[in-house]
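Novice: Just passing along the structure, written as structure tokens.
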Ligand SMILES: Cc1cc2nc3c(=O)[nH]c(=O)nc-3n(C[C@H](O)[C@H](O)[C@H](O)COP(=O)(O)OP(=O)(O)OC[C@H]3O[C@@H](n4cnc5c(N)ncnc54)[C@H](O)[C@@H]3O)c2cc1C
């Protein structure tokens with residue numbers, strides 16, 4: 001059970017409290033909604049409303065729920081250190097907010113904006129209804145450095161090509177410095193009765209009932225403090241080599257900040273400010289390759305905002321008629337999900353995902369390419385699996401990643417660029433440390449055959465203790481033939 005420590009309320013001087021609605025901005029640092037609520041001058045009621053059904057059809061998956069639980073616990077602790085605490089309510093959000101207003105006499109409500117279609121529609125309705133009821137209701141920019149409508153091309157249209165978006169986005173980079181976290185967040189007076197029966201964090205059932213999350217627990221510490229620790233240690237000790245090492249799954253070359261950024265435990269503005277302090281101009285020199293990835297993140301949100309149908313529909317409409325495979329879909333999909341395709345780099349990635357809730361970007365591209373091009377399984381099936389298993393599952397980034405790799409998105413890789421998992425493994429996991437870690441049954445194979453055990457002579461397999469089809473599967477697909485089949489499928493729609 002999550003323990004709740006005793007609370008020392010810090011009483012506010014104003015008469016009317018303000019509601020601060022936390023969503024995916026689970027931090028106190030650089031939080032514009034919090035800053036605006038503090039400016040109101042009264043007590044602040046920090047609230048999280050549990051209403052996953054309002055995000056349908058993209059309710060948080062199992063790994064995201066796990067993260068959310070611990071991130072909310074961390075946020076509650078931070079709020080308590082400031083003399084307040086997190087109130088947890090159940091949705092529907094509009095009803096919950098209305099009840100809270102009636103019970104506390106709040107006159108204002110602040111939140112930070114999100115960009116997925118379901119949340120946008122819900123928030124617009126809530127804002128309109130609460131304003132009509134006389135509340136001061138305000139949303140703020142916090143999740144992105146630029147709102148999706150702030151960066152447009154000369155014709156006032158959204159960008160569809162990253163290079164042009166990056167040029168405009170990186171030129172525009174400046175803006176306000178991040179807001180520091182407050183030391184005190186005044187709460188309701190101590191003697192005020194607690195309104196209604198409210199759920200506790202544990203009641204939300206975010207944690208799994210069966211114990212599959214050991215790998216997540218061993219890998220991650222959710223919450224704002226951990227996000228800061230990770231960001232600072234990355235910037236001081238690894239950012240300078242990021243450009244060189246970011247593609248290597250066998251090395252800790254990337255920041256692994258994606259779940260922290262997704263849940264808003266650190267703001268992109270804070271991250272950028274830390275980078276500027278350490279490296280100067282973020283769009284030049286050593287910092288540039290990393291800041292460019294933050295640019296991809298903003299591009300993904302730009303696309304999701306302007307093309308809200310893309311989580312399920314290809315941006316390139318020719319792909320609506322793509323001839324996906326019709327046979328053995330379920331069997332192949334299951335082998336891919338379970339890391340049993342018989343293709344080592346792919347299996348290593350899928351097992352890393354299952355075990356840790358994260359996968360290296362290069363390997364994400366390789367496994368997505370195998371699924372959508374070699375196996376001809378619709379990209380939406382892969383995106384769904386990632387959605388349930390990634391701790392950083394993010395509708396904007398996931399949609400962009402899947403559409404880019406399968407060839408149907410904005411700025412997609414040319415269709416004929418089909419990743420060869422053997423060559424990718426030999427190039428980016430040259431000593432095989434990554435494959436050996438996640439596929440220990442292959443650990444004793446020499447490097448020459450590690451990425452393609454099917455090519456190894458029987459004597460080599462025997463020496464390494466590998467019986468193909470017994471200890472490790474035969475490949476579920478022939479890479480060369482399936483590549484040719486994918487190119488033929490492409491010819492039918494291009
Ligand atoms: C098929 C596929 C699915 C993906 N699904 C997701 C997802 O659900 N959530 C997610 O956050 N990322 C997704 N990505 C993008 C990328 O793989 C991850 O952001 C990255 O691996 C996270 O690791 P990191 O924090 O160490 O990244 P770093 O290399 O340290 O990058 C820093 C930050 O930039 C952002 N970023 C990096 N690469 C990308 C990218 N290609 N597109 C958008 N943002 C990027 C992330 O917020 C990341 O934390 C996907 C990529 C592919 C190919």
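Here the Cβ of each residue, glycine as well, is placed from N, Cα and C on the backbone.
Remember, it's a predicted structure, so these values are computed and weren't measured experimentally.
These came from TrEMBL, pasted as-is:
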type	residues	note
BINDING	242, 254, 255, 256, 257, 258, 290, 392, 393, 394	FAD binding site
COMPBIAS	191-200	compositional bias 'Basic and acidic residues'
DOMAIN	16-145	domain 'Photolyase/cryptochrome alpha/beta'
REGION	181-200	region 'Disordered'
SITE	324	site 'Electron transfer via tryptophanyl radical'
SITE	379	site 'Electron transfer via tryptophanyl radical'
SITE	402	site 'Electron transfer via tryptophanyl radical'
Novice: If you draw a 10 Å sphere on the Cβ of residue 379 (site 'Electron transfer via tryptophanyl radical'), how many other Cβ atoms land inside?
Specialist: 25
Novice: Between the binding-site residues 257, 393, whose Cβ has more other Cβ atoms within 10 Å than any of the rest?
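Specialist: Most Cβ neighbours within 10 Å: 393.
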Novice: Could you give the maximum C-alpha to C-alpha distance in Å for the residues 242, 254, 255, 256, 257, 258, 290, 392, 393, 394 that bind FAD per the record?
Specialist: 23
Novice: Output: those recorded positions from 257, 379, 393 whose CB lies less than 6 Å from an atom of ligand 1, in sequence order; none if no residue fits.
Specialist: 257, 393
Novice: List the residues of the same chain that sit at least 6 positions away from residue 402 (site 'Electron transfer via tryptophanyl radical') in sequence and have their Cβ under 8 Å from its Cβ, in sequence order, or write 'none'.
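Specialist: Listed in sequence order, they are 368, 372, 379, 380, 382, 383, 386, 409.
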Novice: For the recorded positions 242, 290, 324, which Cβ has the most other Cβ atoms within 10 Å, all shown protein chains included?
Specialist: 290
Novice: How big is the gap, in Å, between the Cα of residue 290 (FAD binding site) and that of residue 324 (site 'Electron transfer via tryptophanyl radical'), rounded to a whole number?
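Specialist: Computed Cα spacing between residue 290 (FAD binding site) and residue 324 (site 'Electron transfer via tryptophanyl radical') is 35 Å.
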Novice: What's the CA-CA gap between residue 255 (FAD binding site) and residue 324 (site 'Electron transfer via tryptophanyl radical') in angstrom, rounded?
Specialist: 35
Novice: Of 242, 257, 393, which is closest to residue 324 (site 'Electron transfer via tryptophanyl radical') if I measure between C-alpha atoms? They're all binding-site residues.
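Specialist: When the Cα distances are compared, 393 comes out closest.
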